[in-house]
């Protein structure tokens, strides 16, 4: 049975359009509360949010719904998604909730949940909540209505947690670091983490106004960080997204490092420290050069479906620690239960510090294969899997590339698009092959 409201990362959509409306979120809060009351005598739920103006409205509706079901609520105000996961676990709470649409612009918002262990919840739990949404409400007796209070020291608690993932024997003294918080949830915590570890911090994307989240700044618009690093003569730049669960880095030369490269650095550092790394998990989109480089070092590499949720599932099933996506969602499960942009940046900077080499030097010999990605718009009702011309072209190109490249064709999960990606050692060849596939997809 498919889910009606939940997607791959909670519930998300345009504000004012179902399901991101105050009335639905009230019902959602009540439904979640009823589910929790089935397993907890007096549940306590932590609610965090990013800096979107709609967060105030949705927070109030969610709080009211939970209270109406007899659930107590703790409010953190703007706080990164991974901070909510951490605090839910650290404070032994029943559930953590984040109101955020991550890297999207302010017009969108969403709601996602973490278990008492700070982990994303199962499909079965989400189905149970959806059933409760459709059922008639069961209001609590007046004496059993939940209470709400603010957790005023939430930012400070999270800053200390982030710092604890960085070696006590190291510091960032002598480094100038530009921190770009995307005008999002980490605007008031990310700069403090790097500053308290000794770095000279320059802030950009740290002035949210409710409307400017992810607007020309952050991990989805890294050029702003590249320019700021150069302008300030900084050693490194750190770009987070709106809820700070992903990160990209920039060095003093303006070179941008994506999640694939940062994952390799994290794995290589563990190996250099003599720590066992049996394997790492990427996605179908992870650059082939990273896979080859890791295998040459004796590290098994497995590809999951696109999405940090699937990377996490694969890591847990195999008992591994490190994984990630090119977008900057990185997982180090011995440090945190979920992807954390700040913690991931610290792991990379720690590798740079204790190896005495720049990030570029740590990536020496790992040259990313050129990738060409084309989005092909599909006609209504068009089934790309029945396109014989596309199938023949895909086989032909696969034979041409051999072990020096690969082809990936997959549908978008949100739009009527077919994503065609070709990876090859030669950029011109990747482009030519991708164009051939796109034409076949459109005309087949």
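Yeah, the Cβs are placed from backbone N, Cα and C, and that goes for glycine too.
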Per Swiss-Prot, member of 94, 102, 115, 122 binding Mg(2+) alongside 241, 243, 245: 102
Sorted by sequence, non-102, 241, 243, 245 residues with Cβ within 8 Å of centre, Mg(2+): 50, 80, 81, 100, 103, 184, 185, 240, 242, 244, 246, 341
Inter-residue Cα distance where the pair is residue 102 (active site, phosphoserine intermediate) and residue 243 (Mg(2+) binding site), in Å: 5
Pairwise CA distance, residue 102 (active site, phosphoserine intermediate) versus residue 241 (Mg(2+) binding site), rounded so that it is a whole Å: 7
Neighbouring C-beta atoms (10 Å sphere around the C-beta of residue 245 (Mg(2+) binding site)): 32
Protein Cβ atoms within 10 Å of residue 102 (active site, phosphoserine intermediate), excluding its own: 28
